[in-house]
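TrEMBL annotations:
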ACT_SITE  H91  active site, electrophile
ACT_SITE  E161  active site, proton acceptor
BINDING   N9, W10, K11, G167, S207, G228, G229  substrate binding site
Amino acid sequence: MTRKLAAGNWKMHGLKADLAELAAICAAPQPGCDVLLCLPATLVHRGVCAAEGRIAIGGQDCHAAPQGAHTGDISAAMLVDAGASHVILGHSERRADHAETDAMVAEKARAAQAAGLMAIVCLGETLAEREAGHTLAVVGRQLAASVPEGADPARLVVAYEPVWAIGSGRTPTEAQIAEVHSALREGLARRFGTGAAEQVPLLYGGSVKPANAAAIFALPHVDGALVGGASLKAADFLAIVAALGAA
Ligand SMILES: O=C[C@H](O)COP(=O)(O)O
């Protein structure tokens, strides 16, 4: 059975004082699923210390190179050194803001896994691609090209995040989410074999809230969520964690 994962992505939010939310999340019992917060790089080490192993802490990006003259970037080894266990890669905001391609995401995922991190590879269609009927083709291409050759499926998480659902309050229908997740599972099975593919957590992301979490988590091949805005407040995130634990 695939492990269930409730992952929060704080994006470019969070100062030291906001670790009070992390502390509140850690203080609550979390039966039935793994919990991860992907913090801004400045908070990763503090977050790891504050969490004391009760939840996992991750980064939001890493460079493909192990070290070098890359001002402002962070390597996978640096995240590991800070205590991170996961890293988000290929988020649509990085694909848009930093022109990250599938090939670049694949190189980052390769570096992340080589350093011992779980690579959370993000993919998802734009609204124009959805309306043109290209969703499955787009996410299929992204899955094939953003997960590197030789990737370890045991160190892989895939997050389906429709670009148009992120921060918008809009979500796909349950049937649309189920269709994409089923296609992703099939794509992983073609790549890694059925048994290994079943072990890769498939997360849905995009306007997941306490009010819609249970319905999303009830869908086949949805093993958790990548949560943005609702992960910033412990009460909201814990409600989503509880819904996943009960699914
Ligand atoms: O990484 C998280 C996603 O971008 C979802 O963000 P959101 O929950 O604020 O829509």
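All positions are counted from 1 along the displayed chain.
Glycine too: its Cβ is placed from the backbone N, Cα and C atoms.
Structure with TrEMBL features highlighted.
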residue: N9; record: substrate binding site; contacts (Cβ under 8 Å, 6+ apart): C38, Q60, I88, H91, G205, L226, V227, G228, S231
residue: W10; record: substrate binding site; contacts (Cβ under 8 Å, 6+ apart): D18, L37, C38, L39, P40, L43, Q60, S231, L232
residue: K11; record: substrate binding site; contacts (Cβ under 8 Å, 6+ apart): P40, Q60, E93, G228
residue: E161; record: active site, proton acceptor; contacts (Cβ under 8 Å, 6+ apart): H91, S92, C122, L123, G124, Y204, G205, G206, L226
residue: G167; record: substrate binding site; contacts (Cβ under 8 Å, 6+ apart): S207, G228, G229
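Each of the binding-site residues G228, G229 was scored by the other Cβ atoms within 10 Å of its Cβ; the lowest score goes to G229. There are 28 other Cβ atoms within 10 Å of the Cβ belonging to H91 (active site, electrophile).
Around the Cβ of S207 (substrate binding site), the number of neighbouring Cβ atoms within 10 Å comes to 22. Less than 6 Å separates the Cβ from ligand 1 in the case of N9, drawn from the binding-site residues N9, W10, K11 in sequence order. Classification of G229 (substrate binding site) by DSSP places it within a helix. In this structure, N9 (substrate binding site) is part of a beta strand by DSSP. The binding residues for substrate are recorded as N9, W10, K11, G167, S207, G228, G229; their greatest pairwise CA distance is 14 Å.
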